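Undergrad: Can you read through this structure? Questions will come right after.
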Amino acid sequence: MKHAKLSTVDNTLLRPIVNSSTDLSLSSSLQNYINSAHPTHGQKIHTHILKTGFVPNVNISIKLLILYIKSCNLFYARKVFDKMPKRTLSAYNYMISGYIKHGPTEKSFDLVRELCLSNEKPDAYTFSMILKGSTNAKFCIAREVQAQIVKSDVRADDVLYTALVDSYVKSQRVEYARRVFDLMLERNVICATSMITGYMNQGLPKDAEEVFGKTFEKDVIVYNAMIEGYSKSIETAKKAIQIYIDMQRVDFKPTISTFASIIGACSLLSAFEVGQQVQGQLIKTVFFMDVKIGSALIDMYSKCGRTDDARQVFDKMPHRNVFSWTSMIDGYGKNGCPNESLTLFTKMITERHILPNYVTFLGALSACTHAGLVTKGKEIFKSMCRDFSMRPQMEHYACMVDLLGRAGNLNEAFEFVMKMPEKPNSDVWAALLSSCRLHGDVELAKVAASELFKVSEDSRPGAYVALSNTLADAGRWDSVSRLRELMKVRGICKGTGLTWIGTDAGLEAFHSGQSF
């Protein structure tokens, strides 16, 4: 950290302070600088205090401490703190907050340990600060802090309980968060929101619903937590739409976060009609021009197979970033419009000079795969490292294997896998296996399946099915029977698909094999 030089100010402002040397005038003058837009100017007072040999009392020392913290000068703040005649709890709390705000955060933890061993004892505010600091620094000390709270006999308030719950949730220890939450006499909406987020992130929507139902004073943020949580899974996305409707019935206006989540839910469900209604609401708000919302709408329309609607949104966006371009490129590629996808990819780089990201390259490679453009795909893959210094990820390798394999270049695809700088993952072998089935290459399919089972024996039932179908297509029924017996022994079963379909009664879920 750079040590700021003491600023110069008009000495006439300081004469009465130094001449009188009274605690009251020093305290008043320091407070004026603390409250001013330029607290650094007050550092000159400290210089004059040192020159006159005046020994500041605890109150003035704390004022100096606050002054330096407001000036973002932790070096001199710590010097003042270390030379205090008596380090009070207030002084510790100010110094701890300074380290949490400006860093290094680790020093705030050291001060708390020192405080616990001193004659002073931490209070609820101390522990609340340190919990926030540990969360921001991605440390998890919630259990240690809670133990120290009990040991120090600190009376916890809502602020401390909220900090504890938030810290546990962000460290994915939702069961501990719930224990603290249940201790609260009055459960505030902030804590409820943290608990809902924690449960949703752990895939426990029923528990989130319980907390939501028991939260009497709901606000838009707690509704947003439910909508966002529901919108992450196709099994619960329909509930996101219902909550979205419910919140407006009680006169809560959707925020930009609400719209982003509900558009995501529509994408998962391919709920085109609902998405259109959401867009109709968006047009009446200031959020419609937001690049995040525009990108989400493009993605939603693309996943509903409405590339023309997606392109209309794209063309009307006043500002586009890499995510907007990527959504449109990917949308074209996945909807059988590879040429449009690649044209947009080229335009983005050569005309708009926007640097593609990893997902952009995936979209372009996928477009090449669907169009069978092997040479173009190879060139795009090579350009990642050559032109953009981007190291291909496993998804890009899998996409290249799919590109080569679908085109019938199975040997080249296998050689490509063998030359990979990293060990191929299940996606890479699954792509090769899929191509082997497409072209009836039983021997290579066995190799791909064998490697896939080594990497991911139980989590890819589709691999067993793909190999079984490849063997069946080749008339190798004995091998099919042996493979199916192996699946039974290993407890592997083919899962049923789930699709959401719009009916007169609304959105309905159908499993494969189920009739209307």
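Numbering starts at 1 and runs along the chain as it is shown here.
Just so it is clear, glycine is given a Cβ too, placed from its N, Cα and C backbone atoms.
Caution: TrEMBL annotation is automatic and unverified by curators.
Annotation source TrEMBL lists repeat 'PPR' at 88-122, 157-191, 219-254, 290-320, 321-356.
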Undergrad: Apart from its near flanks, which chain residues at least 6 from the ends of the repeat 'PPR' (157-191) lie with a Cβ under 8 angstroms of it?
TA: 124-125, 127-128, 131-132, 134-135, 140-143, 145-146, 149, 197-199, 201-202, 204, 207, 211, 214-215, 217-219, 221-222
Undergrad: DSSP-wise, what's the residue breakdown of the repeat 'PPR' (219-254) into helix, strand and coil?
TA: 24 helix, 0 strand, 12 coil
Undergrad: Under the DSSP assignment, what numbers of helix, strand and coil residues are found in the repeat 'PPR' (157-191)?
TA: 26 helix, 0 strand, 9 coil
